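Colleague: Encoded as structure tokens, here's the structure I'll be asking about.
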Amino acid sequence: MVNAINHHVPVGPGNTESVMPPHYLHELPNEDELRLAKLFESLDMDKNGKIDIHDLSIALHDKEYAQKFLELSDATKSGSITLAEFIHYVKEHEKSLRLSFSNIDKNKDGKIDQYELIRAFQELGIEIDDAEAIKLLKRMDKDGSLEISFEEWRDFLLYCPFTDLHDLIKYWRHSTFIDIGEDMNVPDDFTQAEMITGMWWRHLVSGGVAGAVSRTFTAPLDRLKVFLQVYGNQHSNITTCFKSMLKEGGKRGMWRGNGINVLKIAPESAFKFMAYEQAKRLIRGSRTKDLTIFERFMAGSLAGGFSQSLIYPLEVLKTRLAIRKSNQYKGIFDCIQKMYYREGMRSFYRGYVPNLLGILPYAGIDLAVYETLKNNYIASHNNGEKPGMPLLLACGTVSSTCGQVCSYPLALVRTRLQAPHLEGPDTRTMMSVFREIWVKEGMVGLYRGITPNFMKVAPAVSISYVVYERCREALGVTMS
């Protein structure tokens, strides 16, 4: 079996065999040697006998962790890992993992159960209940015993470039930011470390820039959606509506309303973040454990309602500017002035009630579907594999789409109420508009414009993710 290792690591000047102490080659049990050689082969994607950053990024689904793993295991700093270096690093890392395992295994029976796990968390100052402990156990537990053996602990954390228990816990967490042009999603959670170090505002800035770019790229589809929501019964299909918009305002007109849509990202994110943190504190009270999904949903809904109440006039302005005719308004301030003098202050809150009601189904379904899809993946992969970024993006896309489908009728009624009423005094209410659409257009009328809304999700998610990652790297933001 030594020959198998030497096959990958030729003896001679410049080789890496000297990095690994001789006793590993001569005293390594055959079972361990086979296991580690198989692991090395699974990581060596291009089968060239070495593992580089590209191989690790694919295997670990995270470039940051891949870079740290490479730095720790590449003893010769050649930019790649040989089999000898890999075995040396893994065997040393396993010693650290056994030590952390032994510290948690209080009764020394070779297994960690939920009570030992809860106690370990308590010693770190973190309160978790039985349900959370069991959920955590299931991520490592391969045989369904709800007890973790060292082998299960080792396999789950083998590629984790940390040994400190705090960092090991952090390794299990992963977050992302997706902007699809909707403002009703539950805000991101930030760890205490991110709050103290200021990483939270870098996350928000990165997300704001990503949202601005993605909304600008998908603005024509968003304006098409708004037009169909307001004037859908006047156009037979999307094509005729698009041609009508292009004829009236030209190519530049397809971006009407985008300026205010981008402008409202900053106050929306700031208000939502502040309100979300306050809501979490109120809900958590004196507890130190993490919020449940339902509690996060409640905190997110409260934060969304608060932030929407403050920036809602900008939502109305966005609709008015998106559906305006050429030369109707000179700009944002001219639109504000004309609305105030012609319709009064009340016009800036038209459609507020259906907008507020739409937050609950959208945020709730979005969060529930996302968590369900992600947790189902984790439950079906007992080897400790984390969901990759493409999978998280796919989960986010599906969950957002489900949320939109359920809340769309309320969004359509909101947009109709935001649009100017051209015949006499505006006495419309949410129920009167809903009733009118139902009588004249039926169920189809309540979903007018949903096709371009779906069409913009994929490009919005992709653009938002790419820009967010670039901004995150530029600002030095680390994922937690």
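Backbone N, Cα and C define each Cβ position, glycine as well.
Just so you know, TrEMBL annotations never went through curation; they're auto-generated.
Straight from TrEMBL, here's the annotation block:
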type   : residues : note
DOMAIN : 31-66    : domain 'EF-hand'
DOMAIN : 92-127   : domain 'EF-hand'
DOMAIN : 128-163  : domain 'EF-hand'
REPEAT : 198-282  : repeat 'Solcar'
REPEAT : 291-376  : repeat 'Solcar'
REPEAT : 387-474  : repeat 'Solcar'
Colleague: What counts of helix, strand and coil residues does DSSP assign across the repeat 'Solcar' (198-282)?
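Modeller: Its residues divide into 75 helix, 0 strand, 10 coil.
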Colleague: As a test of reading the model: what is the averaged pLDDT for the domain 'EF-hand' (92-127)?
Modeller: 81
Colleague: How many of the residues that make up the repeat 'Solcar' (291-376) does DSSP mark as helix, as strand and as coil?
Modeller: 72 helix, 0 strand, 14 coil
Colleague: May I have the DSSP-based helix, strand and coil counts for the residues of the domain 'EF-hand' (31-66)?
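Modeller: Summed over the domain 'EF-hand' (31-66), the classes give 25 helix, 2 strand, 9 coil.
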